[in-house]
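Worksheet: the structure to be examined is printed underneath.
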């Protein structure tokens, strides 16, 4: 492992020199003077070097490509963090392609047999050794099960884990170094960025997780005319092997074939938007890697086109609170109610509670007013979210991984929709959906569901009160962090008092002694006083 790490260090150093990345680093304004002086003294900087006629973004992209698949995927993720990177670098990194030569089919067969505990011919009536596709983490082979179903077999590359561990370790070293030497770099939270990437890449190595994601998404859209997700064959899925139904669709970027079958492009673009908002707000579970390579269009019913989604390795979800704040933010934003947008960011905890709402409102207005001078159909929903996040970052907005995934997915969906139908008015499609969703949040059915959830909290009420009293009785209690239930964005005061009333009502209804009421009223008063402190 140490030898591998040392070799990777030498490789990184050679790539840095080849693409003059040291020049880019030394030009960073956040770099302290002593590190700039140290960098200027590096030995290779005194040697004659040919001039590179490349932009800084192109140099970084080529360097990441040279460093291999793990750095390529890191660059792809960085390209979605436009709240952190300049546009020219983010645009260049978006061109990174996660395509690498396939590994030998003999190794694929060996890994499949090891994972399934059976010979390949015992499981498959046919197995195509030439892969359909190959990427940095896995490659895909076509096959037919003994039972006759046409399937694809996804298999993780062998000997990948040691390389990933080594590369991730170096990324962490570089991120920690950046945080240590520059306060400006600390503001960008590079360690958190690498940590998010580590989670993403580790999750992609577990194909059982991807299978579960695909099953969930398929169930959410069962029978839907909007989206089809291939079936997972669980009997043949393992951590490093995934077997799914093979689909035959048209790549969404193959516009010529879609035209030949007379696809309704307007309906196709609008359905993409509807799928996104359905996943985010109805299901709170969304496919977060919907780039064109993972999206196909069914050949059936081109006048009512249906999407087909594959590769569910990366998904996102939102809490009820995040859903609510996001919907209200978007509606307020398009009504140009910047005060409400600023207040919602503070109320949600996305920016610190001590943020001055007037200053935040003014910053949002300055960034967003020029956007709204365009016709609504020309406004990019994804860019709106991006500018909002960039502004919020200046006010110390904490990284919200789920919102970053959502913004990236929205940019993909919107870009795809405009490619299919340039006149797409995303807001016209989204607004009715959001307003309907907000109305359903206060419908009798939803209120009853919320009421039932309140009842479920009743058994924990007395324990919560005891825990709070015990915490406050401890030395330095006022400096301790609040309990998780108190720091939640819910209005716990209202909930607890409501729960007390429910308990009393339940006791009366069950014929319990009415003398229990004073105790509950006292508890309510005590909790009220505690929470008011």
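If you go along the chain as it appears here, the first residue is 1 and each next one adds 1.
Keep in mind that glycine also has a Cβ here, set from the backbone N, Cα and C atoms.
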(Q) transmembrane segment per Swiss-Prot: which of the ranges 24-44, 45-65 is that? (A) 24-44
Q: Among 110, 119, 154, indicate the single residue that Swiss-Prot lists for the ATP site containing 132, 133, 134, 135, 136, 137, 138, 139, 140.
A: 154
Q: Could you check the binding-site residues 134, 136 and say which one's CB has the fewest neighbouring CB atoms inside 10 Å?
A: 134
Q) Are there residues of the same chain, six or more positions away from residue 140 (ATP binding site), whose CB falls under 8 angstroms from its CB, and which are they? A) 131, 132, 133, 134, 152, 153, 154, 155
(Q) Between the two most separated Cα atoms in 132, 133, 134, 135, 136, 137, 138, 139, 140, 154, the residues recorded as binding ATP, what distance in Å do you get? (A) 14
Q | 8 Å Cβ shell about 132, 133, 134, 135, 136, 137, 138, 139, 140, 154 centroid, ATP site members excluded | A | 102, 131, 155
Q. For residue 289 (active site, proton acceptor), what residues in its own chain, 6 or more apart in sequence, show a Cβ-Cβ distance under 8 Å?
A. 311, 312, 313, 314, 409
Q. In the structure shown, which of the binding-site residues 132, 138 has the fewest other Cβ atoms within 10 Å?
A. 132
Q. Across the domain 'Protein kinase' (126-494), what is the average pLDDT of the model, as a whole number?
A. 82
